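**Q** Below is one structure. I have some questions about it.
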Amino acid sequence: MSSYANHQALAGLTLGKSTDYRDTYDASLLQGVPRSLNRDPLGLKADNLPFHGTDIWTLYELSWLNAKGLPQVAVGHVELDYTSANLIESKSFKLYLNSFNQTRFNNWDEVRQTLERDLSTCAQGKVSVALYRLDELEGQPIGHFNGTCIDDQDITIDNYEFTTDYLENATSGEKVVEETLVSHLLKSNCLITHQPDWGSIQIQYRGRQIDREKLLRYLVSFRHHNEFHEQCVERIFNDLLRFCQPEKLSVYARYTRRGGLDINPWRSNSDFVPSTTRLVRQ
């Protein structure tokens, strides 16, 4: 269990509680979670973060009524800046989007502006929103993470409790390498409900070579760990930076969708540009 799982800031969340679904617009449904909850225990300070990045959300179940009452549908792309005070809690995001269902808007841009305004207010930070018509995305190929997959290792694992022990002495030699490693075995659990979160992760770095077996064992140790997606990515970035001390580091995870939403956080201290094409499990 995370050290802050019972923090009072989480007590008012609708997550894990029975809730009514509203289909008329209500911005008050959105709920934020302070990023400081997991950053403080990691020693990460808002004015001196070792990374930049965004939380990329894909909205697959977005619908509203036009001015004449005809339903509209879109796929939304949301980017929430890492400097925001709060992350957006996903169940509240789903409930908020449902409140658009029977609400009339004059045009698509009014919907986009409404989303951008409300999400920025909840997050207390910069948010950008783009809406796509379905025909704009039809035929879009399934993407993949570039890099070397480390999953096919003939190793025995019998411990699934989170630990950084595997990263102790995980680098070797003095030669500096630059490589991208990928795993599809990332699995953590919701901080509140403990429902499983499934993801693929891409780790791009420059520095002393990281032992792939130790890295895989470390990633598998998240299997019983309870944290939100964004928090896991920041924890992984911080742990790799601390124990492996790469010159450059980027960590990008793309999680499977739940409730019509997928969350894809990335953190980097270099000029990393994430691919936004959905992966095969998304």
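The count begins at 1 with the first shown residue.
Just so you know, glycine gets a Cβ as well, placed from its N, Cα and C.
Pulled these features from Swiss-Prot for this protein:
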type	residues	note
ACT_SITE	CYS190	active site, thioimide intermediate
ACT_SITE	ASP197	active site, proton donor
BINDING	ILE88, GLU89, SER90, HIS229, GLU230	substrate binding site
BINDING	SER90, LYS91, ARG258, GLY259	NADPH binding site
**Q** What is the Cβ neighbour count of ARG258 (NADPH binding site) at a 10 Å cut-off, with all protein chains included?
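**A** By my count, 16.
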**Q** Measure from the Cβ of SER90 (substrate binding site) and count the other Cβ atoms within 10 Å, all protein chains considered.
**A** 24
**Q** Across the record's NADPH-binding residues SER90, LYS91, ARG258, GLY259, the largest CA-CA distance in angstrom?
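**A** This binding site's residues have a maximal Cα-Cα distance of 9 Å.
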**Q** Among all chains shown, work out which of the recorded positions ILE88, CYS190 has the most CB atoms within 10 A of its CB.
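**A** Result of the Cβ crowding comparison: ILE88.
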**Q** If you count CB neighbours within 10 Å, which one among the recorded positions GLU89, ASP197, GLU230 has the smallest count?
**A** GLU89
**Q** List only the single closest residue to GLY259 (NADPH binding site), chosen from the recorded positions ILE88, SER90, CYS190, ASP197, HIS229 by CA-CA distance.
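**A** Going through ILE88, SER90, CYS190, ASP197, HIS229 one by one, the closest to GLY259 (NADPH binding site) is SER90.
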**Q** Just checking: which of ILE88, GLU89, SER90, LYS91, CYS190, HIS229 have a Cα that is within 10 Å of the Cα of the residue listed as 'active site, proton donor', counting only these recorded positions?
**A** CYS190, HIS229
**Q** Work out how many Å separate GLU89 (substrate binding site) and CYS190 (active site, thioimide intermediate) at their Cα atoms, rounded off.
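**A** A Cα-Cα distance of 11 Å.
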**Q** Which whole-number value in Å describes the distance between the Cα atoms of SER90 (substrate binding site) and CYS190 (active site, thioimide intermediate)?
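**A** Distance (Cα to Cα, whole Å): 10 Å.
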**Q** In whole Å, note down how far the CA of LYS91 (NADPH binding site) lies from the CA of GLU230 (substrate binding site).
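**A** GLU230 (substrate binding site) and LYS91 (NADPH binding site) have their Cα atoms 15 Å apart.
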**Q** Other residues with Cβ within 8 Å of the Cβ centroid of ILE88, GLU89, SER90, HIS229, GLU230 at the substrate site?
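**A** Near the substrate site, the remaining chain residues are VAL33, ASP55, LEU87, PHE93, PHE228, ILE263.
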**Q** So for LYS91 (NADPH binding site), how many other CB atoms are inside 10 Å of its CB?
**A** 21
**Q** Tell me, how many other CB atoms lie within 10 A of the CB of HIS229 (substrate binding site), whichever protein chain they belong to?
**A** 23
